[in-house]
């Protein structure tokens with residue numbers, strides 16, 4: 001025919017009626033049983049799949065290392081409110097009383113850190129006096145009388161409200177601290193210290209009430225006969241998996257989620273402690289009742305850990321994120337702790353944890369103090385001695401925890417090669433005015449990188465010089481943006497600069513959402 005011959009597979013020839021090949025069912029079955037294939041022909045694909053499996057297996061270990069480190073960071077900030085903060089307030093008040101007697105004119109009555117400590121102390125005292133008028137028992141019976149579905153909806157609404165309170169609450173406290181310590185020579189651009197102080201008191205009180213309602217709802221779930229409410233509340237954690245694992249995540253979003261999980265886990269531990277204290281009080285501190293609560297407590301903690309492991313394992317799998325990223329997250333949290341111990345520190349460590357994780361210890365500590373004082377009756381000199389010994393034990397725990405955390409954080413910072421920036425001077429507010437010489441002629445900065453940093457940080461609050469570390473650029477996203485918009489090179493400079501890990505706090509918008 002003049003046409004070129006084409007090789008036809010044996011399975012194709014069996015359908016040709018003119019084929020002279022003697023194919024039978026036996027030969028077909030034999031071929032199916034004996035045919036082979038070689039995986040090395042697609043080595044890269046199978047190697048990638050194996051690495052994904054190894055990454056999923058590493059996630060529980062790396063995640064729990066981050067969670068453990070973050071838990072002790074939150075514990076350190078939480079114990080600070082009970083141990084060192086009262087002592088610092090007393091020292092500040094003594095300085096305020098004795099300094100005028102010393103005749104030291106021209107010096108500040110209190111240092112900025114002491115002013116912040118005094119404000120925190122006054123906030124705690126005023127809020128505690130307001131909390132004493134809240135009847136926990138009446139709240140418990142009011143919530144207990146509601147239906148299961150209504151309580152489930154209320155608990156979900158409380159979780160959302162807690163996030164909103166944490167986001168706006170830290171801004172209120174930061175605004176108060178800055179308003180009270182702002183240099184007097186600056187132009188007045190605020191409403192005054194007293195209005196800010198009243199807003200802070202109102203916020204801490206309302207947030208404490210919110211957490212009290214959460215603890216009361218959890219207590220009702222523990223004491224329900226069929227445990228249906230507790231089961232529904234635990235199932236809510238598994239719903240969180242569905243809303244997280246099937247979304248696109250970047251390293252910054254995963255960092256936010258990790259901080260949120262750390263804060264949520266620590267808060268749940270404190271809520272469980274409050275529930276146990278209230279139940280033990282109702283049963284006259286009978287130790288046998290503690291074993292009745294123990295299975296439910298273990299079940300809640302185990303479900304929380306299981307959900308976090310599954311959620312992070314599949315998020316890293318679907319978004320091709322290495323398990324080593326959790327080491328970067330630990331280094332970022334460790335840098336906050338180490339930098340707060342420097343002479344050029346610009347914030348207290350507890351406030352740094354609040355911004356980074358969204359964990360504000362004041363309302364939670366206020367609620368715990370309210371529950372403990374109402375559950376434990378102190379009578380006689382022996383009881384006061386026990387309280388004093390318990391307080392000294394808490395101070396010892398705080399000091400030991402701080403020492404271990406500081407040493408561990410130094411190791412993490414050194415492994416991440418971030419120790420050089422610890423000795424840099426603190427950042428100052430970037431002025432929008434151009435630099436001029438003696439003749440008034442604008443002068444370009446010697447380092448163009450400094451100029452670029454000034455332009456990008458001009459509309460924001462002053463940041464630490466450590467914000468240039470642990471960058472997480474997304475090269476593929478840049479290529480996609482270039483391809484879609486036709487911008488190349490300098491065209492992307494007008495966009496919002498990418499966030500660095502040390503610049504990401506709990507409520508920073510990364511991409512199009514807050515995780």
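The backbone N, Cα and C atoms fix where each Cβ goes, glycine too.
Caution: TrEMBL annotation is automatic and unverified by curators.
Panel annotation: around the transmembrane segment (66-83), residues 120, 124, 258-259, 261-263, 265-266, 270, 308, 326, 329-330, 333-334, 337, 349-350, 353-354, 357, 359, 361-362, 364-365, 369, 391, 394-395, 397-398, 401-402, 404-405, 408 of the same chain, lying at least six beyond its termini, place a Cβ under 8 Å from a Cβ of the stretch. As annotated by TrEMBL, transmembrane segment applies to 66-83 (among others).
Long-range contacts of the transmembrane segment (122-143) within the same chain: residues 81, 85, 151, 154, 197, 200-201, 204-205, 208-209, 212-213, 216-217, 219-220, 278, 362, 365-367, 369-371, 374, each at least 6 residues beyond the stretch ends and with a Cβ under 8 Å from a Cβ of the stretch. According to TrEMBL, the transmembrane segment annotation covers 122-143 (among others).
Residues or ranges marked as transmembrane segment by TrEMBL: 197-222 (among others). Within the same chain, residues 119, 122-124, 126-127, 130-131, 134, 136, 139-140, 143-144, 151, 154-155, 158-159, 161-162, 165-166, 168-169, 172-173, 176, 229-230, 233, 267, 271-272, 274-275, 278-279, 293, 296, 360, 362-364, 366-367, 370-371 sit at least 6 positions outside the transmembrane segment (197-222) and bring their C-beta atoms closer than 8 Å to a C-beta of that stretch.
Taken from TrEMBL, the feature transmembrane segment applies to 388-413 (among others).
Taken from TrEMBL, the feature region 'Disordered' covers 423-494.
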